[in-house]
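> One structure, pasted below without further comment.
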């Protein structure tokens, strides 16, 4: 007889999570109560792994978007190989926090936005929702500008016209989805990896000095004008706040055995998948920086290319590939850039949907959500491209990446706190080593952001040409906002979690807990999220 049983948390209070159980008399249960768990354990490991492939690769598309390419190109052109260490640390940190986000979803049956809604007071969660939506919009700005640059290269239309055309790309994307989203994603992935192959080919041609590349990867330096700003932009383009909400929700599209062993195996599979996907993204980012640095810092650089390197943008970077592709370099580069922007649109659309559903319990059709986000992102892109042209649009990508970096604490701190809490994760909470390492890196990024924000603003106040009255007025407006930022981060760090969401499958028999059953009660799969079942990932 089927029934619903509400579980008791480790703190003794009832939780909001409900687990489906089937009550079976012990005599009649026989070996059937082990069938589902045995099937998961007896299948070859590679088959179980392939069932979990999908979320990590979809999330990794965000690490190859136009924002990453722009910041990589400028970092290489301005600083050579000296900022490669930022890519290494950023992607190691990305792997850790993406795995924490996946573990949170797998272990609790809720994604990060739903945990925030359950945990925080209404004003705090409303602010977190607004910041998360702004992060999605900031992530969409590079996609808008990257697509506009691609159209400019292919059809010679003005950048601002290309920005307007990006609104139609949503409709194009939806039109292609009728042939199957998996086929669309495969096509986009092929085109993005065409760009990767081009940069790897150019890398083999220009042959950057291996010693300098390794030194840049493992010896941290922040020398030269704008190095700190470029480093923060690189981190902002790599570690995106909306990706944490996205990954914790994507893993819920899988059916997971409701046992400690099944959950641990699932977390391990998602970690392996994310590690492989992010390693590929790491190689591509390193190749882009190395090619940009080698070509732009060469002694025999032509005057034309020297001018391009001085103000390198996505719109002018195709010359970096001429050694490999010759006259066709601009066309192939533009097609891959177009694919990069559109592939990132998929991740932004899903992240926005999960954020809205988790915080507000609202659901929108994907095309409505996509069109709304794109229209909001078009506005600043259109204004800047009309006033500042290609160079202004390129600088807007850097600004958007820095905004993402400043917004990171408001998704990262809740994730770190939830994933280290026994009231949320139970026996699946992080080890002390992961806790310490994650907090050190997280606090390091937050500290760099606050330092750069304060020093850059004070330096601008000192050096600008505004009258003193104007500087005083701006200071009165901005310094309280900076104080609110710091106070908000401190509040999230030191606020004690109050909501218990961990299910304890059994408190009386640890062996039964390990095997996913208790006496005559057979535990079925962890709650399957039908509201997330339409995610276009393989079953």
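Glycine is no exception: its Cβ is also placed from the backbone N, Cα and C atoms.
Whatever TrEMBL says is automated annotation, not expert-curated.
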> With the ranges 43-64, 153-174, 307-328 to choose from, which does TrEMBL describe as transmembrane segment?
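Going through 43-64, 153-174, 307-328 one by one, TrEMBL flags 153-174 as transmembrane segment.
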> Under TrEMBL, which of the candidate ranges 11-30, 371-390 is annotated transmembrane segment?
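Residues 371-390 are the ones TrEMBL records as transmembrane segment.
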> I'd like to know if the transmembrane segment (371-390) touches the transmembrane segment (430-452) in this structure, counting it as a touch only when three or more C-beta pairs sit under 8 Å and are separated by 6 or more positions.
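Contact criterion not met.
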> Quickly jot the same-chain residues contacting the transmembrane segment (472-494) by Cβ under 8 Å, restricted to those at least six beyond its ends, or write none.
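Contacts of the transmembrane segment (472-494) (Cβ under 8 Å, skipping residues fewer than 6 from its ends): 124, 127, 406, 409-410, 413-414, 417, 446, 450, 453-454, 457, 461, 466.
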> With pairs 6 or more apart in sequence, are the transmembrane segment (83-101) and the transmembrane segment (371-390) linked by at least 3 Cβ pairs under 8 Å?
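The transmembrane segment (371-390) and the transmembrane segment (83-101): touching, no.
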> Can you tell me which of 226-246, 371-390, 396-418 gets the most C-beta pairs within less than 8 Å of the transmembrane segment (122-141)?
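That would be 396-418.
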> Three or more CB pairs closer than 8 Å, sequence separation of 6 or more: does that hold for the transmembrane segment (226-246) against the transmembrane segment (371-390)?
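Contact criterion not met.
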